[in-house]
Structure formats: C-alpha cells, structure tokens
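Novice: Not my notes, these are from TrEMBL:
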ACT_SITE  Cys94  active site, nucleophile
ACT_SITE  Cys188  active site, cysteine persulfide intermediate
BINDING   Gly8, Met9, Ser10, Gly11, Gly12, Val13, Asp14, Ser15, Met34, Gly118  ATP binding site
DOMAIN    197-259  domain 'tRNA-specific 2-thiouridylase MnmA-like central'
DOMAIN    267-338  domain 'tRNA-specific 2-thiouridylase MnmA-like C-terminal'
SITE      His119  site 'Interaction with tRNA'
SITE      Gln322  site 'Interaction with tRNA'
Amino acid sequence: MKKKVLVGMSGGVDSTVTSILLQKEGYEVEGVYMKLHQKPGYHEENFAKAQRVGEYLGVKVHFLDLSEEFDKQVYNYFVDSYKQGLTPNPCVMCNRTIKFGKMVEFADSIGADHVATGHYIKCDGEFIYAADDPNKDQSYFLCEVKKEVLPRLLFPLGTWVKKDVKAYAANIEVLKDFATQRESSEICFVENTYDEVLAKHMDIDMPGETVDTEGNVVGTHKGYMHYTIGKRRGFFVDGAHDPHFVLDIKPETNQIVVGTKEKLEEHEFEVKQINLFKDLTEFDCMVKVRYRTTAVPCHVSINDGKARVTLEEPVFGLAKGQIAAFYEADKLIGGGVIC
C-alpha cells in the first residue's frame, strides 16, 4: 500500500517540483495550500497555481485557512518583539507552530503518513542536515521544529541545486511559466518594509535620545522601533568622526545606545527557549547567530532552561530575539532564542 504524503503547496517552483518528485517515488500525494496572512489578491492567485499543479498531477489540493493561528503565533510575536526592542525571526516561529505544527495536525486528519515541503534541507528522520546547495540551505530556519515530527518529514530538494530545480520545471510543459516567476523572499506578510507593518499597530515615529555606553546623551534618533542591533544609519551623533552602530535598544526610555564597531564584538551570550534534537546539557558545536553568517565554534552549557554559549572567536552585532542554531558539521542539532 502506498504511503500518503501531504505536500505544502505554495504555487511556486519548489513545492511543485517537490510534489512531482514524491509522486514519481511512489507516494500517494495530496497537497495543502495554507492561507497565512491577508494580502489582497495574493491567495486567490497562488491557490489557483497550486490547483493547477494538482490537476496536472491528478491529486487533491486542500485549502487551509490558518490566518487566525498565524496572527497569534507569528504576526503578533513579530510586532510584540519590536515593541520590546528585540529582533524577531518570524520564519523560525512559523516553521515550529504552523508549517510543521498545524500542517502536521492536518496531515493526521487526512491520514497522511508524511509531510513534505519545498525547503532546501535534508532529514533522516532523526536530524536535519544542511542542503547540498549552500546558497539555498534553509536548515537554520528549522532549528525550533519539535523533535517528534522529524520522522515524518520529507524534503526531496535537499540534494538538489536551485538552478537544476528551475531547469526541471522548465521542461514540464504545463509548468514552464513557474520556472521564470520571481522567487518569494524576505517575510511573507511584509509588502515593502518592516516599518510599514509596525506603523499599523503603533506610532513608530517617536524621536528620542541617542546615548553612549556610559549613558551620556550624544544625539537623537527617530524612534527606537526603526532600529536593530548593528544598524549604523538613521540616527545622529554629535561630533562623531568614526562610524557609530546601534549597540542596544531601550524601549522603556525610547533610547538607543550607540558606539564604534569594536563594541559590537561579543564573546559569549545566553539562549532561551532551547530546542534540541538529542539530549545534551554540555557540548561543543558550531553556532550560527543569523541566517547569512558563517557558523563559529563554541561551547554550550545548559542550566535551568538557559544555555550559556561561549565562542572561540567573536561575533559582531548579536541581537536579542534572534535565533542561534547549533550544528555538528552539517547536522543541525537544535537552537534557541538569543536573550
């Protein structure tokens, strides 16, 4: 008897090729299009594309409205984090709670054995691994996914290179226009800028004081929610000759703390909301503190639900609220929220 797999279909190239590959491997494929936000016209267009794929493959495509849950778990988290002067990563939280949370629950409801997406990741049922295409690897974004769902996850594109995926799609007559469509990027609910999203919920233009590390007022800024750690533009520093960067954000006083680049250097930090794919309390590994950064060697010690991460070489611009992902070579072993 064929095993059933539920594929998250976005109407794009990656999820389309994923569906085709799994069907060729002998799986009984069903698709699900997940409505996560309220962009006008967005879902009508993309669900129609997903349905077109379903018709081509002869598979059912479900429509799942998760917008209310997405607001609670992802969108509100994004807005609230900026209110607190933090730098959130909504994609990581979406993967944990929605794509590999609610989607898995839906898979259960239709009797699907597996769940698949077009992510560039490899998974052996126990661990997640970096994709073979280093430019497209998305393993970082799955460091908070619950361990118990890993045995059910399938990622056919983990061994593919993006250009080969697009070429594959271009050779399928009904899908030729998919291969040339613009790729989605950044955060799905952000049309243009983060500021536009935040401005819908609060007054973000609240001029305040720029201070140095001693608390001395050295200039002004346009409102603390316009800034993240490491930013070097958009504020004024009296008499500064060297570039200054945001070192800290103080929402309670509407102040930003600034200093020169060397003051962004960090040798250790703490992590909360720790999620590990194996039982560890003290270990050496590699850590990535942002998506597009190189992992650096570190020692991790976990106590009372928090991890102390000691780096062998410094990182710059560590932002509270961002995600730290832990690796052993290309094996993802977990992650958490920088605090």
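Each position is counted from 1, following the chain as shown.
The backbone N, Cα and C atoms fix where each Cβ goes, and this holds for glycine too.
Keep in mind the model is a prediction, meaning the values are calculated, not measured.
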Novice: So among the recorded positions Asp14, Met34, His119, Cys188, who's got the most Cβ atoms within 10 Å?
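Specialist: Within the set of recorded positions, the most crowded position is His119.
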Novice: Just give the helix, strand and coil counts over the domain 'tRNA-specific 2-thiouridylase MnmA-like C-terminal' (267-338), going by DSSP.
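Specialist: DSSP composition of the domain 'tRNA-specific 2-thiouridylase MnmA-like C-terminal' (267-338): 0 helix, 50 strand, 22 coil.
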Novice: Just how spread out is the ATP site if you go by the largest Cα to Cα distance in Å among Gly8, Met9, Ser10, Gly11, Gly12, Val13, Asp14, Ser15, Met34, Gly118?
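Specialist: Per the listed residues, the maximum Cα distance equals 16 Å.
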Novice: Sort Asp14 (ATP binding site) into helix, strand or coil using the DSSP assignment.
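Specialist: Asp14 (ATP binding site) sits in a helix per DSSP.
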Novice: Could you check the binding-site residues Gly8, Gly12 and say which one's CB has the most other CB atoms within 10 Å?
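Specialist: Sorting the candidates by Cβ neighbours within 10 Å, the top entry is Gly8.
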Novice: On a C-alpha basis, identify the one among Gly8, Ser10, Cys188 that is nearest to Gln322 (site 'Interaction with tRNA'); the candidates are the recorded positions.
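Specialist: Comparing Cα positions, the closest of these recorded positions turns out to be Cys188.
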Novice: Please work out the number of neighbouring Cβ atoms within 10 Å of the Cβ of Ser10 (ATP binding site), leaving out its own Cβ.
Specialist: 21
Novice: For each of the recorded positions (Cys94, Gln322), count the other CB atoms lying within 10 A of its CB, then report the residue with the highest count.
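Specialist: Ranked by Cβ atoms within 10 Å, first place goes to Cys94.
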Novice: Between Asp14 (ATP binding site) and Cys94 (active site, nucleophile), find the distance joining the two CA atoms and give it rounded to the nearest Å.
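Specialist: On Cα coordinates alone, these residues lie 18 Å apart.
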